[in-house]
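Feature list (source: TrEMBL):
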- 34-155: domain 'Glycosyl hydrolases family 2 sugar binding' (DOMAIN)
- 181-275: domain 'Glycoside hydrolase family 2 immunoglobulin-like beta-sandwich' (DOMAIN)
- 282-449: domain 'Glycoside hydrolase family 2 catalytic' (DOMAIN)
Amino acid sequence: MRREEVLRNHWFFSQEVGKEEALAPDFQRENWQAIQVPHDWSIYNDFDQYSPAQNEGGQLNGGQAWYRTQFYLEEDASLVSVRLLFDGVYMNAQVYINGQVLGYYPNGYTPFSYDITPYLRNDGTANQLAVFVDNQQPSSRWYSGSGIYREAKLLITDLVHLDLYGIKIESPKLKEQRDGWVETQLESKVSNDGPQSVSVYLEQSIWYDGQQLSDWQETDSVMIDSGEKHHFKQGISIFQPLLWDIDHPHLYQLKTRLYKNGILDDEEEENFGYRYMDWQADKGFFLNGRWLKIHGVCLRHDYGALGTMENRSAAERRLRQMKEMGVNAIRITHNPASSILLDVVAKMGLLIQEEAFDTWYGGKKEYDYGRFFEEEATHPEAKAGDFWSDYDLRTMIERGKNNPAIFMWSLGNEVSEANSDVHSLKTVKRLLERVKEVDDSRFVTMGMDQFRFGDGSGGHEKIADLLDVVGLNYSEDNIDGIRKRHPKWRLYGSETSSATRTRDSYFRPDKE
């Protein structure tokens, strides 16, 4: 049966050891510091006015470091499938299990995972996990933090199991059906990692606030061969569901049971919400048929003195303050949010835009993601021909596709190379395809600053024409001209003020 094990305690950290010592079977604790994960090593550094991170990077250095921990499995390793998940490691992570390299993952903001089943020990000894992190500066246009700064965990299932992000929940006719029976369409991906073909079927039911709202709906039974997958599809109808909105964030649960050869083998519970959206060029955004002015805030992913270490209490506190001041939408700038934050906004009733990239292939900083945007993705589960940008974008969409708080997917922010040449047009079409192949129910956008200098008559308008909605950065003075030239564009202010603050600017005449 499925269980999760958060890898929080019993980690060791070092910036002094080399690869040989970091991977040595007979682990010596000298030169290692005991820590907990999430962990941001940069926040513990002294400020350095000569730091290559510069002011916008917080004047805090990055560097290289090793993390190491160990874990035991309660289960027989030959009878389970085990996946290692990282919600975010900044950046250029190299992951090793029992001395064997699992892979290299350059993106510092996107979750990633590995199937570690083939590498596990089954002799009662501990499994050794090591992670090398390389944060060369400058690598982001803000304080990035360094290390395993978001949650790490193990997902243990039977060899026949529901896939990670494997359940998709949709209600495409909600607008028409909301006053009666609403059909909920379900798609569930199942993998057979075992040695034999097995007979599999699913039971699924929808719940709300601890109450079962539908009978258990059973799929047909299917034979799945060893090493193969199957996509189960079925529908469940719910009468007049409560809609998720910013004032009443009603969340439902889809419970799924997987039966292998007639025996219950896996269970999963997925939160989701019923809501529908519309966006009209001349009237604006509508949530559940009600016009809603977006009162949004762009937030960085750090928590001040906590650095970038993800912390649910800190996320709840900050977002509660945002909501109390009238905010109804969040944009994490300019990278995917943590899984914890996405869970918090869904429960709190805040819309959120998930933004994939701050740069495409052009790059903005010497060591930023632009180096990898069009590099072949080497993750073992990448599709043939994938760039890292394909793989990372697809992962972001797969993770968030059932979250009712997410209302926009952003392909990038202030991407200067998005200028309508052949390369950039090919790129935006490729990225749009990656989004739509997973989720075509949300608006795809970009934060574009090219319109601050005119009415949208430049070459970049060909890029904007391909988007569902156009995000305007610092272009409010030109909004009338843009609307006149492009009356069918759906517009919003994606960024209209920067670095506004009441703190950290001090009058110090004694220092003049």
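Every residue gets a Cβ built from N, Cα and C, even glycine.
Across the domain 'Glycoside hydrolase family 2 immunoglobulin-like beta-sandwich' (181-275), DSSP assigns 0 helix, 64 strand, 31 coil. Taken through DSSP, the domain 'Glycosyl hydrolases family 2 sugar binding' (34-155) splits into 12 helix, 48 strand, 62 coil. When pLDDT is averaged over the domain 'Glycosyl hydrolases family 2 sugar binding' (34-155), the result is 96.
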